Amino acid sequence: MSKLELVQTLTGHKGIVWNVSWHPQGKIFASCGEDKTIKLWSKEGQQWTIKTVLVDGHQRTIREVAWSPCGNYLASASFDATTAIWDKKSGQFECNAALEGHENEVKSVAWSPSGQLLATCGRDKSVWVWEVAGDDEYECESVLNAHHQDVKKVAWHPSLDILASASYDNSVKLYKEDPSDNDWSCIATLQSHESTVWSLTFDKTGERLATCSDDKTVKIWREYKPDNQEGVIVTDRESVWKCVCTLSGFHTRCIYDITWCHHTGLLATACGDDIIRIFKESETSDPNAPTFDLICTKLNAHTQDVNCVTWNPTGNKEMLSCSDDGEIKLWSYTE
Amino acid sequence: MISFFSKLSLNNSQKPPVELAKPAYMDKSATLQELGYRDENDLKETIYDFLRTIRDPEKPSTLEDLKVVYEEGIFVKEPTADKVPVLRVEYNPTVPHCSLATLIGLCIRIKIQRSIHHPVKLDIYIKKGAHTTEDEINKQINDKERIAAAMENPNLRNLVENCIADEE
């Protein structure tokens, strides 16, 4: 019988906790929210405790935090229109770079798998790609204006420099750099959701994407490469992404986040009905029309909306969640 | 359409004056009766009482005077699986091109959130057909991230605070 067991409830933030992010080694995590602080947590004995609080980096809500793949840098995106980069080269965490350019709220930040690129997005409808140009130096490589509304989330493909973004305009877009002229452009638009797409997550291969929306559904999209065996028509030698599965009837309010575990293949969602749900792909799932079963429903996971869920990157089946109720919870999943 | 959410000015560095106030939470398994309501109707009336005194952003009248809010516009929907009450609040802007419709929606949400002392899920909508851009406004005033950001904009926050402040 699969279940999600509460390991610890972590308090310390005041007001909404918007996001939690595991360090790549899975032994530290960062959290952020309405109180404009970033807290770094690690385990002391059996208990997770606050090790460091990063203050004065931002003047408004901190919406998202992201660790670089090497684990040495932490990026934070804020409603104050800036993205801060923190590191502890001096021995303690300090903000050593601020990325400015968005007109207003920055809503998401993500490092590419190589750690050489950063993406940010915000209410000004744009997605920015930044290059790590040197010590504490970041250069804007591209400003992508493909969406026509607020961009809610950016996420990178797990191994390639392909970027995905989710928007208030109900669509998801994918981007990559054209090696001939070093220009970034939109290579695919994924349209099927009927309201804001709040988040997205790639599977471990990067050939599938799961998206979640205010329309209360989760959608699974599959990449069909040029000359695919299924005979899906591909033009311009660019892959085509098709929605191959829609999970509807499970969530009762807006779905704010989704996380795909690269070890177990389990999908988990954070929902505005305060519930965390876990889905597992059926053994007999057809790659062109996959089926997923709801294997766990954690009622009352939080006392208010769940804003974020994230699997521990080491694959130990630990999961973090955070909520409008000001709490962070650490869970352990068992089959 | 004038959108209050699209005019965020970031050069105002005025510090927010108050602590982040949050209601005290009660046990989510509590029934309406345990939360202190006689029945659904009592919950509706309580919500209406919060809303009727909100002042119009431009006129010296309340939303009740202007019939922007009305008791029949409050619906108690089926609760969530966790038994959290779900409320739908409908309002009727005075004119179909009312440029303040978004601000009024924001006031309604903030007033209820501040006044109610137990978890509740809110869906706020313009009365069908009552505004030329109702779909756009409905989407904005039900996007909690946009609301959170709007309430960090000092000018917008002041407007809301003035509209929802209790009468002396």
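Keep in mind that glycine also has a Cβ here, set from the backbone N, Cα and C atoms.
Only residues 6 or more beyond the boundaries of the repeat 'WD' (A:10-42), in the same chain, are considered here, and those with a CB under 8 A from a CB of the stretch are 48-55, 57-67, 69-71, 74, 76, 78, 86, 93, 307-308, 310-314, 316, 318, 320-324, 326-330. Under the heading repeat 'WD', TrEMBL lists A:10-42 (among others).
Among the features that TrEMBL reports, repeat 'WD' is placed at A:55-96 (among others). With a cut-off of 8 Å between Cβ atoms, the residues of this chain six or more beyond the repeat 'WD' (A:55-96) that come close are 16, 18-25, 30-34, 36-38, 40, 102-111, 113-115, 118, 120, 122, 136, 138.
Within the chain, the repeat 'WD' (A:99-132) has long-range Cβ neighbours (under 8 A, six or more residues past its boundaries) at 60, 63-70, 73, 75-79, 81-85, 138-161, 163, 165, 167, 173, 175, 184. Positions annotated as repeat 'WD' by TrEMBL: A:99-132 (among others).
Per TrEMBL, repeat 'WD' is recorded for A:144-176 (among others). Note on the repeat 'WD' (A:144-176): mean pLDDT across this stretch is 98.
The repeat 'WD' annotation in TrEMBL covers A:190-221 (among others). If you look at the repeat 'WD' (A:190-221), the same-chain residues 6 or more away from its ends with a CB under 8 A from one of its CBs are 150, 152-153, 155-160, 162, 164, 166-168, 170-174, 241-248, 250-260, 262-263, 265, 267, 269, 279, 290, 292.
According to TrEMBL, the feature repeat 'WD' maps to A:299-335 (among others). Residues 2-11, 13-22, 24-26, 29, 31, 33, 41, 48, 253-254, 256-264, 266, 268-272, 274-276, 278 of the same chain, all 6+ positions outside the repeat 'WD' (A:299-335), place their C-beta atoms under 8 angstroms from a C-beta of that stretch.
Listed as Cβ neighbours of the repeat 'WD' (A:144-176) (distance under 8 Å, sequence separation of 6 or more from its ends, same chain) are residues 107-114, 117, 119-123, 125-129, 184-191, 193-202, 204-206, 209, 211, 213, 215, 221, 241, 262.
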